[in-house]
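Q: Provided herewith is a single structure, encoded as structure tokens, for subsequent inquiry.
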């Protein structure tokens, strides 16, 4: 469920990222009003080995640094979006879940202590809504490690109770928020 929720969130955030990228490219002058990209082709390396050509290093560096700045801006936007979803909720929904987690019945709650129970269940204490600080810590670690260092989400396979490293550092856990069905 957690992987499916991440895929749903990826699709939602992908569209937000495209909208932001178009706005920034227009502002920087790379995108015309007819939505064609104006990138000088002389910054691209030529792979014609019969004729050795030099690439304008200054233009290439400038373009690359602008792309890096754009990616950092996108990471910040994604972090803000996820933080707001987890602590406040979006569109009148209660906090604790991104759109993907909400659709699949998952919720992020505070967690200082986890006790294993029978039948693969756990008892989470205090299991309350996470505040702004925990949501921000979780979102920053998750989004910036995935972009620049190590996909922190892979740590769910290492830690007990399928907690990712960013969940442990932010003192949170992802739980199934649907009510238990008791068998008579």
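Sequential numbering from 1, following the chain as shown.
Positions of Cβ are set from backbone N, Cα and C atoms, glycine also.
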Q: Scan 140-159, 160-179 against TrEMBL and say which stretch is down as transmembrane segment.
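A: Checked against TrEMBL: transmembrane segment maps to 140-159.
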Q: Averaged over the domain 'RDD' (1-171), what pLDDT does the predicted model reach?
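A: Across the domain 'RDD' (1-171), the average pLDDT comes out at 79.
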